Amino acid sequence: MGRTVVVLGGGISGLAASYHLSRAPCPPKVVLVEGSERLGGWIRSVRGPDGAVFELGPRGIRPAGVLGARTLLMVMLGGSWLRTLEARGSVLSEELFQKEAEKAAATQLGLKEPPSHCLVHLHKNCIPQYTLGHWQKLESATQFLAAQKLPLTLAGASYEGVAVNDCIESGRQAAARVLGTEPNS
């Protein structure tokens, strides 16, 4: 009887892991378990009221609760917009960033009400994602799984990078670990 691998989650990392597992020279039986009605995880396309299509990535808008009454919206501003403000000598304040983020969300998503809570952070030259100590916690979990010889491999935006490319690569590397092969560089 061949080996069966269960992939929990049909997000981009789970889909990538399933794909790479199924393409192995001696592929295991792959069972993909997804809790929602659709595959893709947080990645999806949403059409706005004006017909514009928004591609939401691994860290897009996340409705929570039974009716989606609460929503987490992460707005990242930067690039030439930020460089222009800096060149003008503008004061880069939390108030300015919050105002611009609210304006962008209202324009792009048609939001009418201001948010009930805001956290504003300036992270120069990076995309904020993980809390302080994330990598140490991840390393500790990985060591625990290895020490206990648990047949579990972690992959996805919560562990090894938030970009779509990171999620796909994380799934590929998880498949390689399960198969006992080294991932290609």
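In case you wondered, yes, glycine gets a Cβ from its N, Cα and C as well.
Feature annotation from TrEMBL assigns domain 'Amine oxidase' to 12-64 (among others).
Annotation comment: TrEMBL describes 71-179 (among others) as domain 'Amine oxidase'.
Residue counts for the domain 'Amine oxidase' (71-179) under DSSP (helix as H, G, I; strand as E, B; rest coil) come to 55 helix, 2 strand, 52 coil. Averaged across the domain 'Amine oxidase' (71-179), pLDDT for the predicted model comes to 81.
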